[in-house]
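S.K.: Got these off Swiss-Prot a minute ago, pasting:
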ACT_SITE  305  active site, thioimidate intermediate
ACT_SITE  401  active site, proton acceptor
BINDING   248, 249, 250, 298, 299, 300  NAD(+) binding site
BINDING   300, 302, 305, 469, 470, 471  K(+) binding site
BINDING   303, 338, 339, 340, 361, 362, 385, 386, 387, 388, 389, 415  IMP binding site
DOMAIN    93-149  domain 'CBS 1'
DOMAIN    153-214  domain 'CBS 2'
């Protein structure tokens, strides 16, 4: 006798039912909880994949209101450095600015500029006393690189400084009066406490929806594995200032993953931890009991994932989301829908099934900010995109996600493929279209907030003919829409 538990559904099996509405799409509130302590301004996360999320994409997504998760297919130092770059990209106050010594040569300063990507540094002596500041303008036309920072810096007597509690108007007034773009934050004894830049204020005004921490810095997440040896990686990421840690595995309902969550929670009781992936209520409860702040759902729905075909295991995504959300609804632990999102309507369906936000890979792969070079094939531009269970990704470090870290390279059993995806342009345009579709859904269903969509919206099950009718049919597309591409 077959032990069939129940029937399970995915995105193309259902549609949301329109309802009476007083909600206009442009008034819908897209903010949602990632964890109890982290609120997103849009319900979107980027996947921790080596062809999706590194520094550039994490910065761009945070500026739009979401969070990117830096992948782990790199050294500990490199991953921590990428987290630091996101945290330093935009700040209300840079609380720990990179400083230089007055005796540093301009040649060494030039290397520091190349490494960090910016050219302004407070200058401190051996006792950490603030003695000046040096900027790119100070050294722009200098040819003798053997000279030192002290020869060209703005000295202490001419520094523009404020105390930590200075108002925005006071800071802007000083910048205008002295025609400077950097103001240093100092203590009563003139110790350096931070730096404020005009560029950061301008970025804040241009991106008011940005997802930021309490210090005005962009938020960023990072992924780690569950296997032995990840303790050092976790410590380095926490030290780098990561906002949320992702303990990532293809099977989150396994003892090794649960133990990693328990150990991390014991060591860092206040650290937001996302754990996954699971596809059942039991798996979600186990991760929550272990100490997860949010649970990631999805086994095999991704476009580049072959887990369900290779192993025969998985649960269609709508049912998996609904089961996990129902199991955790009284605990206040959010569910993240990871995988299978092709259209903005799928985002709406995932949230209506109970997810607080979605994690996407293929939707963001191929953007300007995604890692990798643009490749031309038959006259069209592409970027590479591969699953973390592909042979290429596993050989670079993701094999532990699939419990194969002890396998030799020629003995790996892949659960994903390597491919290419059309070049899509800038991330902000993709997000605009996807969130526009979500807003329209909220207007059609009468849901003013993400929480209302999660709890009020109703589904109907549809047939194969229903999904065929839903797509474009009986016509040849002559001009592609930015939010609708088949294949």
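Yeah, the Cβs are placed from backbone N, Cα and C, and that goes for glycine too.
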S.K.: If you draw a 10 Å sphere on the Cβ of the residue listed as 'active site, proton acceptor', how many other Cβ atoms land inside?
M.R.: 26
S.K.: Relative to the Cβ of residue 249 (NAD(+) binding site), which residues of the same chain, six or more apart in sequence, are found under 8 Å away?
M.R.: 225, 226, 256, 257, 276, 277, 401, 403
S.K.: I want to verify one value. Collapsing DSSP to three states, which class is residue 469 (K(+) binding site)?
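M.R.: It is helical.
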S.K.: Around the Cβ of residue 387 (IMP binding site), how many other Cβ atoms lie within 10 Å? Please give the count over every shown protein chain.
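M.R.: 27, counting other Cβ atoms within 10 Å of residue 387 (IMP binding site).
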S.K.: Quick one: Cα separation, residue 469 (K(+) binding site) versus residue 303 (IMP binding site), in Å?
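M.R.: One finds 23 Å between the Cα atoms of these residues.
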S.K.: Using DSSP with the three-state reduction, classify residue 389 (IMP binding site) as helix, strand or coil.
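M.R.: DSSP assigns residue 389 (IMP binding site) to coil.
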S.K.: Show me the subset of 339, 361, 387, 389, 470, 471 whose Cα is within 10 Å of residue 298 (NAD(+) binding site); these are the binding-site residues I mean.
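M.R.: Those near residue 298 (NAD(+) binding site) - Cα within 10 Å - are 339, in sequence order.
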S.K.: Pull the DSSP breakdown for the domain 'CBS 1' (93-149) and write it out as helix, strand, coil residue counts.
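M.R.: Tallied per class, the domain 'CBS 1' (93-149) gives 16 helix, 14 strand, 27 coil.
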S.K.: Could you tell me the mean pLDDT the prediction assigns to the domain 'CBS 2' (153-214)?
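M.R.: Averaged over the domain 'CBS 2' (153-214), the predicted model reaches a pLDDT of 87.
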S.K.: From the Cα of residue 389 (IMP binding site) across to the Cα of residue 299 (NAD(+) binding site), what is the distance in angstrom?
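M.R.: Between the alpha carbons of residue 299 (NAD(+) binding site) and residue 389 (IMP binding site) there are 12 Å.
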S.K.: If we count other C-beta atoms within 10 Å, could you say which of the binding-site residues 250, 303, 470 has the fewest?
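M.R.: Output over binding-site residues 250, 303, 470: least Cβ neighbours within 10 Å is 470.
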S.K.: Give me the CA-CA distance between residue 248 (NAD(+) binding site) and residue 389 (IMP binding site), in Å, as a whole number.
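M.R.: Just about 12 Å between their Cα atoms.
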S.K.: Which one is closest to residue 387 (IMP binding site) in space, judged by CA to CA distance, out of the binding-site residues 250, 300, 302, 470?
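M.R.: Spatially nearest to residue 387 (IMP binding site) by Cα position is 302.
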S.K.: Using DSSP, how many residues of the domain 'CBS 2' (153-214) fall into helix, strand and coil, respectively?
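M.R.: Computed counts for the domain 'CBS 2' (153-214) are 23 helix, 17 strand, 22 coil.
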S.K.: In angstrom units, rounded to an integer, how far apart are the Cα atoms of residue 339 (IMP binding site) and residue 302 (K(+) binding site)?
M.R.: 4
S.K.: Does DSSP put the residue listed as 'active site, proton acceptor' in a helix, in a strand, or in coil?
M.R.: helix
